Structure formats: C-alpha cells, structure tokens
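Student: For 20-42, the entry in Swiss-Prot reads transmembrane segment. What Swiss-Prot records for 65-161 is domain 'Rieske', and it gives sequence analysis as the kind of evidence. Positions annotated as [2Fe-2S] cluster binding site by Swiss-Prot: C107, H109, C125, H128. What Swiss-Prot records for C112-C127 is disulfide bond, and it gives sequence analysis as the kind of evidence.
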Amino acid sequence: MTQMPASDVPGMGRRQFMNLLTFGSVTGVALGALYPVANYFIPPRAAGGGGGTSAKDELGNSVTASGWLSSHAEGDRSLVQGLKGDPTYLIVEGVDAIGSYGINAICTHLGCVVPWNSGANKFMCPCHGSQYDATGKVVRGPAPLSLALANVSVDNDNVFVSQWTETDFRTGEKPWWS
C-alpha cells in the first residue's frame, strides 16, 4: 500500500467540526428525552419465580408471608400495594395461610378506595355507599361491577400479586378487568 502525503489528506474544517458537534449534542438530548417515553411502553418484568409483582406494605417494603401472618389475624383483610401500584387487599385465610386471591380496593363506580368494615363483614365505599361482600362481589350500588381480583402467590416467603385471568368465581363469567 502506498501512503498519501499529509498535504493530500483532507482535514476536518472548523465548520464540519461544529456541525458534527451540534449533531452529536442534539442527538444525545433527543435520545435522552425519548428514553422515558419508550420505556413507558415496555411492560415491567415479572419479579420472583412465580411471576407477578412483589406486594409492598405501606412503607414500600416487600411483604413476606411469615411477617404478614405474624401481624394479621385469620379473616383479616389489609391493604398492600399490588399490580400497577393499586391498593390490593391480602386475605388471611388461616393461622398460616394467605388467600390465593387478592381484592383490588378501587371502587368500580368512581375510583375511591373502598375500606374493609370488619363489623359489617363487607367492603363499604365512603364516596357513594356502594357495598361489596367479603369476596368483593357488589351487593349494593351505585357501583356497576364487583371489585377486581388478583392472583396471590407465595414463593420463598415472598408474596407476589399477578393478573387474574381465570373465570371470576363470584359470577362464573370472564373477568371484566382483564
């Protein structure tokens, strides 16, 4: 191969250098701004071996089955952060058993958080008086639909909440929320 003398090699002019620098800066800023937008459309990865989202307590800590069962009595329904950050009731079914389903606490009428009323043994919406039985089935309107369900699983003492895709056992129909 022959080498070209240095005088024959074209150099990068000041204008070309500034154009390259400007293009690189604008591209970097555009990619930085588009990353969160693109990331929004990518579904979150499943956590844990059983899949789903790790249930979080009111402080944002992951819920463990042993810790939850030691501080909650049988029949208790208490809120955790579930799918998409929605408040979800975990149900204690026995001394050492968390229920296989959770109940989304968002009212199907106007989206209020529905508290559990242990005295009446039902969920009662404070906004417009809708009532749901212990399984989240609507028993009194104006709410048109039952509360959404979520699968609850325990894997290595960690509690996970995942999308409910089975038939709604309360109505025998396909879930309205999936």
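Heads up, the Cβ atoms here are built off N, Cα and C, so glycines get one too.
Each of these features: where is it, how hidden is it, and who are its neighbours?
Tutor: Counting same-chain residues at least six beyond the ends of the transmembrane segment (20-42), those with a Cβ under 8 angstroms from any Cβ of the stretch are 12.
Over the domain 'Rieske' (65-161) the predicted model carries a mean pLDDT of 86.
In sequence order, H109, L110, C112, P142, A143 constitute the residues six or more apart from H128 ([2Fe-2S] cluster binding site) in its chain with CB-CB distances below 8 Å.
Taking the Cβ of C127 (disulfide bond) as reference, residues of its chain lying under 8 Å away and at least six apart in sequence are, in sequence order, C107, H109, L110, C112.
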Student: Treating G and I as helix alongside H, and B as strand alongside E, what does DSSP give for the domain 'Rieske' (65-161) in helix, strand and coil?
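Tutor: Across the domain 'Rieske' (65-161), the residues distribute as 10 helix, 42 strand, 45 coil.
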Student: Applying a 10 Å Cβ distance cut-off over all chains shown, what neighbour count does C112 (disulfide bond) have?
Tutor: 15
Student: So what sits near C125 ([2Fe-2S] cluster binding site) in its own chain, CB-to-CB under 8 Å and at least six residues off in sequence?
Tutor: C107, H109, C112, V114, Q131, Y132, A143
Student: Please report the number of other Cβ atoms within 10 Å of the Cβ of H109 ([2Fe-2S] cluster binding site).
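Tutor: That number is 18.
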